[in-house]
Amino acid sequence: MDWVYAIVYGIVEGITEFLPISSTGHLILTGNLMGVPWSKEVKDAFEVVIQGGAILSVLVYYWRDFLKIRHLGHDRSQQTLWTGVLVATIPAVVLGLAFGDQIQAVLFKPSVVAWALIVGGVLMWLIESRRVQPQVHAIETIGVRRSLLIGVLQCLALVWPGFSRSASSILGGMALGLDRPTATKFSFYLGVPTLGGAALLNLVKERELIFGEIGLLNVVLGAGVSFVVAYLAIGWLLKFVSTNNFKGFAVYRVAVGVLILVLIATGVMSNGSLA
């Protein structure tokens, strides 16, 4: 059955990693509803692997854009863009290295994730209800100040598991004047160093568990499925935000958060620490 769990986890991760709906919340639901028999350590390690597959999909989807880094020395727009990405990554790196373990130990509970989904959904609805014209329409013109603020806001997902890194960076960008497509694309870019770095670090630390207990076949299967599904999700989301707002996602987040709370209240799901 492990290969079935690998495929399902890969699908869930691929769909939810870049949509503003919290991959954490959905992986919790998936594991509980399917009764996945893996230990907490195995689940954590496997989620890191399949997250790597999702991150790789961004590099492949935007491979032409990433190749422009070659012109960094003389292309001012590329200098501005990648300086912004670097600056926006710093807050999460500092916070994660300093307090990552403590945050997981104290806050990583299903009820905390559920409320993060609900509150994030409400904020998403409120931001989408503003009558404000966006000022930034290209990621090359975001600038260092806005990038840093988006990076700080992205940390909300780190200190409040379930809020969603994608949601915090996209909503933060929109609140700072980016239009939806630009905020969404910048969130994709920002995920590469933020999530990619975390995935590599955990892969090195947990390599024996990942390849020993999970098995190479399941690792390749889960990461491969995550890559393909995430690639499709990126294309779909970019097309969606060009003509639609995020209010539907806001309602969905609240519904999933309420569902988790109901499952906890009825004893179907334990509210014990996930760390």
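Cβ atoms here come from the backbone N, Cα and C positions, even for glycine.
These numbers come from a predicted model, not from an experiment.
As annotated by Swiss-Prot, transmembrane segment applies to 1-21 (among others), with the evidence given as sequence analysis.
Residues or ranges marked as transmembrane segment in Swiss-Prot (evidence: sequence analysis): 42-62 (among others). Long-range contacts of the transmembrane segment (42-62) within its own chain (CB-CB distance under 8 A, at least 6 residues past either end) are made by residues 6, 9-10, 13-14, 17-18, 23, 27, 31, 36, 188-189, 191-192, 195-196, 198-200, 202-203, 206, 209-210, 213-214, 218-219, 222-228, 230-231, 234-235.
The feature transmembrane segment is assigned by Swiss-Prot to 80-100 (among others), with sequence analysis given as support.
As annotated by Swiss-Prot, transmembrane segment applies to 107-127 (among others), with the evidence given as sequence analysis.
Below 8 angstroms of C-beta separation, residues 17-25, 83-85, 87-92, 95-96, 99-100, 103-104, 107-108, 112-117, 119-120, 124, 173, 175-176, 186-187, 190-191, 194-195, 253, 257, 274 of the same chain, each at least six residues beyond the ends of the transmembrane segment (147-167), sit close to that stretch. If you look up Swiss-Prot, you'll see 147-167 (among others) marked as transmembrane segment.
What Swiss-Prot lists as transmembrane segment is 184-204 (among others), and the listing cites sequence analysis.
Residues of the same chain lying 6 or more positions beyond the ends of the transmembrane segment (214-234) and with a Cβ under 8 Å from any Cβ of it are 2-3, 5-7, 9-11, 13-15, 17-19, 42, 45-46, 49-54, 56-58, 60-61, 188. Summarising the annotation, Swiss-Prot assigns transmembrane segment to 214-234 (among others).
The transmembrane segment annotation in Swiss-Prot covers 249-269 (among others), and the record cites sequence analysis as its basis.
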Among the recorded stretches 80-100, 107-127, 249-269, which has the greatest number of Cβ pairs closer than 8 Å to the transmembrane segment (1-21)? 249-269
